[in-house]
Amino acid sequence: MDDADEATLAELASALADAETAVALTGAGISAPSGVPTFRGEDGVWGNEFDPEDFRIGRLRRDPAGFWRDRVDLHDRLFPDSVEPNSAHEALASLEAAGRLEAVVTQNTDGFHAAAGSETVLELHGNAARVACVDCGATRPAEPVHERVRTAIEAGDGEALPPTCPDCGGLVKPDVVLFGESLPRSTFQRAQAFAADSDVFLAIGSSLEVEPAASLPRQAAAGGTLAIVNLASTRADGRADIRLRADVTDVLPALAARLDAD
Ligand code: APR
Ligand code: ZN
């Protein structure tokens, strides 16, 4: 970070030090340093490697076998075996432990915030480590399902696709919010309450392109300090009181250190 960033970081640290209720909203950019590709931007997966249209709920219903072939490819691209939380996730967990952060609201489905030690984590878009039955709602670990799909594809065994629910025979989906689905209502309402209560709201590693998650910084900006930490510009930049165009793994550990939360 350059001197201007250092000065902005000091401003953010002091806002957090005075805050009653600080809340963070995170996006794919916080996991990018872990090796998880982002969705947008020049090396984002959407448009370069995958078409988001292939991952709509309508496609799952229309062509479940084709959906699952593409879904396992996307999952394996997003979450290669070795990926794990990075120092930015750990910094948010230590800020929470030090009483400087109330909650992390995340659009990510990688489970990295909880894995890094954050306790109050709201997963707006679900969690890719689980699958859910569209009929009975039963959830179970995703990996055995991914394995069955990979085996069926390798064996050319179309009969084994799509994966179905062992309890009721229903269609199984990734336990994430697919395009065309609405967010889990209670989780989003809790996130809105945190945003409305916050006197500092940090939007971290997100292009803030996808609603309704992108509405949270707007709600927060009404009453408090909105800080945006993101390498690229975002739609909410005009509303931001504090803006850091820097890497999350530079900013967040430095912020935690300034607040003696490291
Ligand atoms: N440090 C800071 N910012 C970074 C870093 C980094 N190391 N790496 C990438 N970024 C920024 C990029 O500049 C980009 O603006 O992270 C942002 C990620 O934006 P997106 O890829 O659009 O991800 P996100 O905002 O989380 O997308 C929201 O869209 O496709 C859906 O469901 C998916 O949850 C996802 C939602
Ligand atoms: Zn079922």
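Just so it is clear, glycine is given a Cβ too, placed from its N, Cα and C backbone atoms.
Where the annotation comes from TrEMBL, it is an automatic prediction and has not been curated.
Annotated features, as they stand in TrEMBL:
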- His125: active site, proton acceptor (ACT_SITE)
- Cys133, Cys136, Cys165, Cys168: Zn(2+) binding site (BINDING)
- 2-262: domain 'Deacetylase sirtuin-type' (DOMAIN)
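Taking the features listed in TrEMBL, we show where each one sits on the structure.
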residue	record	Cβ neighbours (10 Å)
His125	active site, proton acceptor	20
Cys133	Zn(2+) binding site	21
Cys136	Zn(2+) binding site	11
Cys165	Zn(2+) binding site	18
Cys168	Zn(2+) binding site	13
Of His125, Cys133, Cys136, Cys165, Cys168, recorded positions neighbouring ligand 1, Cβ under 6 A: His125
Mean of pLDDT values spanning the domain 'Deacetylase sirtuin-type' (2-262): 95
Additional residues around Zn(2+), ordered along the sequence, whose Cβ is within 8 Å of the centroid of Cys133, Cys136, Cys165, Cys168: Val134, Asp135, Gly137, Ala138, Thr164, Pro166, Asp167, Gly169, Gly170, Val172
Residue pair Cys136 (Zn(2+) binding site), His125 (active site, proton acceptor) - Cα distance, angstrom, rounded: 20
Integer Å distance between the CA atoms belonging to His125 (active site, proton acceptor) and Cys168 (Zn(2+) binding site): 25
His125 (active site, proton acceptor) and Cys133 (Zn(2+) binding site), distance between Cα atoms, whole Å: 16
Alpha-carbon spacing, His125 (active site, proton acceptor) to Cys165 (Zn(2+) binding site), which is rounded to whole Å: 21
